[in-house]
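> What follows is a structure written as C-alpha cells; I'll ask about it next.
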Amino acid sequence: MKSLTVKKALKLLRSRQISPTDLVHMCCERMKETNSLNYMIHEIPSDILSHQAKISEQSYLQGRPKALDGIPIAFKDNFCMKDTPTTCGSRMLLNYKPPYSATMVEKVARAGGIIVGKTNMDEFAMGSGSLDSWFGPVANPWNLVARPGREAEQASGWVIAGGSSGGSAAAVAAGASLAAFGSDTGGSTRNPASYCGLVGVKATYGLLSRHGLVPLVNSMDVPGIVTLTVEDAAILLDTVAGHDARDSTSVCETYAPFEMDRALDLSRVHIGIPREFHTSGLSAEVRDLWSATADALDRAGAKVSQVSLPHVQHCLVCYHVLCCCEVASNFSRYTGIEFGLRRGSEESTEELYAETRHHGFNDVVRGRILAGNFFLLRKNFDRFFLKAQRIRRLIGEDFRSIFSAGVHFLLTPTTLTEAPTFAWFSQKDNRTRCAEQDIFTTAANLAGVPAVSVPLGVSRRGLPLSLQVMGPHFSDARLLSLAHWLEQQAAFQHLDLSSTNNFSHAHLDSQDIDTC
Amino acid sequence: MQRLVCKRLGLGILRLSDQPGGSLQYCANVLRPAALFASKVPEQPTWVPIDHDRVPIDHDSLPEVPEIDLALVEQLERISLVEFNNEAGLRRLREAVKFANQMHVVDTEGVEPMDSVLEDRECYLRSDEVTDGNCVEDVMSNASKVEEQYFVAPPGNIPMKKRDKEHLSGILNTPTDGDKAS
C-alpha cells in the first residue's frame, strides 16, 4: 500500500475496487509489520474490526455510504472510547475503561469510520517527544527509510516521532491508519505531524468538541487531526466539527460544512511573515524553506510582508505557567477512589491519595503539579498566575491587531529543525525540551487561532521539513485552502514503505526503553 | 532572472543514494531556496531566548526568584498530594520557578488577565433539565472498591504522616540542614 489517502480510498471504495475488509486488513498488516515503532497502545480486536468492515460493506452495497465509511482511523489514547482501555500513556489509568465515548470518537464512528487502535503518547500529553510514556518511546517511521548518516548505526541514532501525539502521527505515516486524531495543547499535533511528514491541523478553539478528551489544559486543549494531505484533513474536519452541548466551550454557531477553495486567488491574499519566528536555533534548512515558500507566494501574486508579533517571544514562559496551574487543578481528580490506580494505606484517605498519585504519575506530571500549586499559592497567585494571564492577553492582542490590519494569514516554521535523534533529545529534561520544541506552536493555542502544519520539503538527511500557517479565529476553511496551495506547489513525497522489506527497528532491542 | 528560473516550485530534486539495500529510489521535490529573491524572512534571529546558563540577563531588573525552603516543600507536598522524589525533583521546581520569573520582563501594567479565548462570545448554556441518568453501574464500573452503590474511601481527616526529608537535605538550605552539617 503506497500512501493511500482518505480521498483516494473513498473513491476506490465507492467504485468497489477495494472493500472495507481489504482496507482494514491492509492497515492491520502494516500495524503488525511496523510494530517495533511502538506507536500503538491498544489495538482493537480483529473480530470487532471485521464486524465493522462488514457493516460498511453493506452501506456501499446499498449505495448509501456515509462520509467516512470503511476508513481506518486511529485515536490518541487520551480520547475516551466506550469499554475500551484509555490510558493516556500513564500507569494511573492502565485499568481504566471509560463508560462513554468522546464526541470525536462518536462522530467518526457515526460517519462509518473504523477505529483501529489507540495510539501512544507522552504521559497525559505532557511532552514533545513521545518518549515519556508508560509504554515506552515512539520511533519515527522515517527511520525505516531515511539514513541519517553514520549516526544511525548507533542504537540511539534513530529519530523521534515528536509529540505528544507521536503515536498518532507515526500510525498514519506508517500506514496503520489513513488518518488519526491527536490533541493539541501547545503544539502536540503539529509537532509530530511535522516530524513525520504529515499534515497536522489545530482547529480554532471551540470548533471541535473536547467532550471525552482527557483534559490537560482546558483553556487551550483542542482535538487535532493528522492526515497525509490537506484535502484529507478537510474531509475529517468537516465530519467532526460543530457545536456539542456536552462541551461548554464548544461554540454555538451552527456549523456550515465548509468548502475548501481549491482555486485560491492569491492576488487577494495578504501573508504576514512574523519576524519573531526567526529565533536562534532555527536550522538553515528550515529557514531556507521558509524563505523559499514566502518568495513563492510572492511570485504567485500574494502580498507578502514582514510583520511583528512583539509578545510571541514570551509564549513559552506564559504557556509554562498556565499549563502547570491548570494541571495542578485538573489532576486533583486522580485519587484512586472512583477510577484508575488505587494503591497504598487503607488507614487514611490522604495517605491513600498520596501513595496512589506517587505511583501513578511520572516525574514530569508530578513536577507540573507541584510547580502549578506553587504558582497558585496565595502569595504567588498575582505574581505568577495572573501575570501569565495578562501576558496571554497581550499575545492574543498581537494576533488580533495583525489580522485586523489586513493580514489574512501568517506563515512560520512549525519546528526549529527536522526530527531530532533520540540520543540528542534525551540529553535534556522534559521542560527544557518542551521550551524548544513548542517555540513556534504555543502561540496559536494561547490565542485560540487555527494553525496547520504542512510538510513541504526534505532535509539533506532525508527527513521531512514543514511550515505552519495560522489565520484568524474560525478561518479554518480558508487556512486549509492556503495549506492546500502550498502542498500542491511542493509536491512533497510521502513516506513509502511499500518496498521496504525489513521493518525491524533497532530501538526496541536497545537499552533506550529502560532509560526512559 | 530568478523569477524565470523558479517559475514553478518543486524543481529541486533530492536523491538519497545511500538508501538501505539500494533498491529504494527516493526522490522528493523540495521548495527550492531562492536566496537571491528579496525574501521577507529575516536573515538573522530576531531575539534570543533567555537562557540563564548562556545568556547573561540583567537579574537586577527582575524580582528575586522566591526561595524554596523546607516549610514550602512540605506545604506543596501536602496540597499536591505528591512528593518530591529526590533532589532532582526539587531542582526541577527551582528551574521551573526561575523560568517563570522571566515573565517579569514584560510590562503588563493595566492589562486585564485573560481566562478564555472565548471571552467575547456567548457560550451555550443548556436549560436546567435532567438529560441523562440511570447509569450508576457505568459510573462505578471503574472503581476498585465499592460497597452497594458507594465508593469506598479510607477514614478521612487524618493528617498525613510527617515524611522524612533526608533525601532532600543536600539541596534544602534550611537551619535543619545547617545543624546537620555542623
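Placed from the backbone N, Cα and C atoms, the Cβ positions cover glycine too.
So TrEMBL lists the following for this protein:
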type     : residues : note
DOMAIN   : A:22-480 : domain 'Amidase'
ACT_SITE : A:LYS76  : active site, charge relay system
ACT_SITE : A:SER164 : active site, charge relay system
ACT_SITE : A:SER188 : active site, acyl-ester intermediate
> Given a separation of at least six residues and a C-beta threshold under 8 Å, show me what packs close to A:SER188 (active site, acyl-ester intermediate) in the same chain.
A:ASP122, A:ALA125, A:SER128, A:GLY163, A:SER164, A:SER165, A:GLY182, A:GLY224
> Sequence gap of 6 or more, C-beta under 8 Å: which same-chain residues meet both conditions with respect to A:LYS76 (active site, charge relay system)?
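Set apart from A:LYS76 (active site, charge relay system) by at least 6 residues yet with Cβ under 8 Å, we have A:LYS118, A:THR119, A:MET121, A:ALA125, A:SER165, A:GLY167, A:SER168, A:ALA180, A:PHE181, A:GLY182, A:SER183.
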> Averaged over the domain 'Amidase' (A:22-480), what pLDDT does the prediction give?
94
> Report, as a single number, how many Cβ atoms besides its own are within 10 Å of the Cβ of A:SER164 (active site, charge relay system).
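Looking across every protein chain shown, the total is 37.
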> Where does A:SER164 (active site, charge relay system) sit in DSSP terms: helix, strand, or coil?
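It is coil.
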